[in-house]
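Copied straight from TrEMBL:
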- B:225: active site, proton donor (ACT_SITE)
- B:12, B:13, B:14, B:15, B:16, B:17: NADP(+) binding site (BINDING)
- B:88, B:112: NADPH binding site (BINDING)
- B:210: L-homoserine binding site (BINDING)
- B:12-136: domain 'Aspartate/homoserine dehydrogenase NAD-binding' (DOMAIN)
- B:149-356: domain 'Homoserine dehydrogenase catalytic' (DOMAIN)
């Protein structure tokens, strides 16, 4: 509501960052802060006197690289208010959020590391927001489910006094695709369809997995998201390694060396996955990779579950995410949010929508 | 961000209003504006000198009743900024929003009438917001789907530059309950189950319908919600009567007199509804009451549709709403929001969450 000018720094220009810059350039002027800093890996572009620069100038490179500490000073020196958009998944940048916030610099980010790392970092971030008395804010919608309204909905439920009893769902687009292909809810479920290793191979070739599929199969991405949701629901979760997470990397292949070596040996374990599928089929169910937070019992877990056919989780398609919030107000039928939970454009959408909210609050 | 004090007026203390006041009383002081006006039907409570009053004082009544115009003057005279929460479904109050907004008074409401009435009123409301240059804002999450994040999600999609191509879903808890009971997706679909009139009777007795079920069966409630969504998606819809809405009140009973008379004669038309159900069953489908906006073609419609089993709409349970947003970024699989779309507590939740956002922007 005050009329001070807003300045924007953007760190990270990968898939999400590129889509974000494109969305940013299409915002009306009144919602678009002045871009004064842009960095990608070892390239940085900024102006000493806080003039506007255009993202199209990114090709040019500066001779002097700013450290995160330099960047904090640079941004706290603007004649108005500064906002940092962090489109990296970098832990060092995440670790610096409390410093940015304490200097009155707001943070908007899809970076999971900041909110799923140590509980100390989480506490530092939100204490800094609290202490700023409304000057600095942090928004991170895209840290779970990309642009799907997951974080904002959970925050609204809690802020308005509802009691969240349970959060449950499919939180990885990759896992969703793998299991929807491996054990589709429509098929009879036994003996037919592609083998597990074949489906992982297809997914890898189509670019649906990380370059090394073990980075999806270890479940840590899902565990990080559950850590964030559990904390927002009020649980003091130490981190993604403080609760049971079922890895789909066979023990024997944990140190299999290269990604190629891993993929080559994966067929040896097709029988094990087929076993889960058959077991589920015998119970009239399908196997899915599910994350859940039991708020009352204080329990978080991630792993394979046998899911009743006809339920929303069993009926998921493609690589969609699905998140169910069970609360006191909503009763037996949860509030459900479903849709693409990964991809540059939809992740950037969450970042851009967050930026708009920060601008509306700061201007 | 400025530190001026915030003042709150609440109009309407029915089911939603009572739940809202309870949620309001549990907000932290920093998010709770000073309550200075409270009205219910012909009772009003306010203080001339903008002192705090407690909702528990509602029993006392004032001798002098303020008109809407008086209330506008009263609220624009506060020494800080004023917010009006309208928990009525009153058209007169809705018609006054532009006057409130032009005086810098923000509006938070679940009142559908304001956004689904004449296109002129819609334009007046949002022009007033625009012209206030950030001083006055309007939030109306609960005007569609109660506390489900429907309005905010659609606004975020549009604001970040996505192209919404189609909106489709079940927008009435009553219609959802009636059809999920009449033609459950799990049953074979023909010849069995309760008759349509029996299900309407049960729903009426359980309080799931309006006192006169014709107020649900005429489809106007759904048409109002579709009007709001279509306008937010960019269509210039004249109003809920400007597109095809299929009424489930048989022509012969439109002027059947009392609600009792209507209910008594409803069984005469069970055959017609059974016909729809059987037709759907022959195609392997189920009949549902669906609303849709085809943004590209500029077409809105509301009525019975034959829906494929296994789809989210066919699989709905209880009285849940379900809203699908098809957009360019989300591609073939829509962004889906599902859950209770009616009820005092969840409707009030949307109002309270909106109020928090307004307070965060104004303070």
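Glycine is treated like the rest: Cβ placed from N, Cα and C.
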Compared by Cα position, which of the recorded positions B:88, B:112, B:210, B:225 is the closest one to residue B:12 (NADP(+) binding site)?
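Looking at Cα distances from residue B:12 (NADP(+) binding site), the smallest one goes to B:88.
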Within 10 Å of residue B:17 (NADP(+) binding site) (Cα to Cα), which of the recorded positions B:88, B:112, B:210, B:225 do you find?
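Within 10 Å of residue B:17 (NADP(+) binding site): B:88.
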Within 10 angstroms of the C-beta of residue B:88 (NADPH binding site), what count of other C-beta atoms is obtained when all protein chains are considered?
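Other Cβ atoms within 10 Å of residue B:88 (NADPH binding site): 21.
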Do any of B:14, B:16, B:225 (recorded positions) have a CA within 10 A of residue B:88 (NADPH binding site), and if so which?
B:14, B:16
Which binding-site residues are spatial neighbours of residue B:225 (active site, proton donor) here, meaning Cα within 10 Å, out of B:13, B:14, B:15, B:16, B:210?
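Candidates kept after distance check: none.
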Specify all same-chain residues, apart from the site residues B:12, B:13, B:14, B:15, B:16, B:17, whose Cβ lies within 8 angstroms of the center of the Cβ atoms of the NADP(+) site, ordered by sequence.
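The surrounding set, listed in chain order, is B:18, B:19, B:20, B:40, B:87, B:88, B:344.
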If you draw a 10 Å sphere around the Cβ of residue B:210 (L-homoserine binding site), how many other Cβ atoms fall inside it, taking every protein chain shown into account?
14
Any idea what the Cα distance is from the residue listed as 'L-homoserine binding site' over to residue B:13 (NADP(+) binding site), rounded to a whole Å?
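It is 18 Å, counting Cα to Cα.
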Over the domain 'Homoserine dehydrogenase catalytic' (B:149-356), what does the predicted model average in pLDDT?
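Within the domain 'Homoserine dehydrogenase catalytic' (B:149-356), the model's average pLDDT equals 94.
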On a simple 10 Å Cβ count over all chains shown, which one of the binding-site residues B:13, B:16 is most densely packed?
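Answer by Cβ density within 10 Å: B:16.
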Of all the recorded positions here, B:112, B:225, which one's CB has the most other CB atoms within 10 A?
B:225
Around the Cβ of residue B:17 (NADP(+) binding site), how many other Cβ atoms lie within 10 Å? Please give the count over every shown protein chain.
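Taking every protein chain into account, the count is 25.
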Give me the CA-CA distance between residue B:15 (NADP(+) binding site) and residue B:112 (NADPH binding site), in Å, as a whole number.
16
Reported as an integer number of Å, what is the Cα distance between residue B:14 (NADP(+) binding site) and residue B:112 (NADPH binding site)?
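Checking the Cα atoms of residue B:14 (NADP(+) binding site) and residue B:112 (NADPH binding site) gives a distance of 16 Å.
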I'd like the Cβ neighbour count for residue B:15 (NADP(+) binding site), meaning other Cβ atoms within 10 Å of its Cβ, all protein chains included.
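Neighbour count, Cβ to Cβ under the 10 Å cut-off: 14.
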Any idea which of the binding-site residues B:12, B:14 has the thinnest Cβ neighbourhood at 10 Å?
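Among the binding-site residues B:12, B:14, the sparsest Cβ neighbourhood within 10 Å belongs to B:14.
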What's the CA to CA span in angstrom from residue B:16 (NADP(+) binding site) over to residue B:112 (NADPH binding site)?
13
